[in-house]
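Taken from TrEMBL as is:
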type	residues	note
DOMAIN	3-203	domain 'Kinesin motor'
BINDING	G86, Q87, T88, G89, A90, G91, K92, T93	ATP binding site
Amino acid sequence: MSHITVCARFRPSSSKEKQNGNDSVCIQCIDAETFSFKDEKDEEFVFSFDRVFYEKSEQAEVYKFLALPIVRDAVDAINGTVITFGQTGAGKTYSMEGPGILECDEQKKGLLPRVVEGIFDSLSPSDESMAYSVKLSMVEIYMEKVRDLFDLSKDNIQIKESKSRGILLPGVTEITVLDPAQALQTLSRGIANRAVGETRILL
Ligand SMILES: Nc1ncnc2c1ncn2[C@@H]1O[C@H](COP(=O)(O)OP(=O)(O)OP(=O)(O)O)[C@@H](O)[C@H]1O
């Protein structure tokens, strides 16, 4: 089995797109893995992924298919990553965070709050000889530099690689979190520190 899962997700047309008549849809569902795309010359192309999430897909489905296996592996010390890629307005933030990571709308909440809960649920120690600690770091690559979103004075963190520990960010802030609420509060602080973000307010 591949260690990489690649999915496509389509978001519903926004009310603005509907208002402007920009909401004609050029893709058609074939099945849960395949869709067809018609370009402006009416030429048809067929694409397949591990899973295609169409516009009615639920956040919970995306979590279950894409992130839950990574959460399970993480608890067994296997590294995992979720990457979103797409043009502006495609739905990356919605998929990752939902309407906001502190918002607890059960249906709409995104991958981040679900992953946080999933990790803490999986850590509930059934075996008392086991001890876990959960630490968060958060960085942003901005203007070719790695900035620490938990300590903005660290604005040029180096990326190193070690044979035994893999990719490292020496000196990056690590915050120990004890429960999901504390983890989400901490992540929300990091998100607010991003230089590029839809909710950045300059005073
Ligand atoms: N699956 C979805 N269901 C409902 N609304 C969605 C969905 N995906 C995205 N949206 C809405 O579409 C809009 C754009 O989404 P979003 O902000 O997540 O895009 P983005 O890819 O993060 O854009 P940018 O790169 O500009 O930050 C938002 O208003 C969001 O709420």
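Using the three backbone atoms N, Cα and C, a Cβ is placed for every residue, glycine included.
TrEMBL entries are annotated by machine, without manual review.
The average per-residue pLDDT of the prediction over the domain 'Kinesin motor' (3-203) is 92, rounded to a whole number. Looking only at the binding-site residues G89, G91, the densest Cβ neighbourhood within 10 Å occurs at G91. Fewest Cβ neighbours within 10 Å among the binding-site residues G86, Q87, A90, K92: this applies to Q87.
It is T88, among the binding-site residues T88, T93, whose Cβ has the fewest other Cβ atoms within 10 Å in the structure shown.
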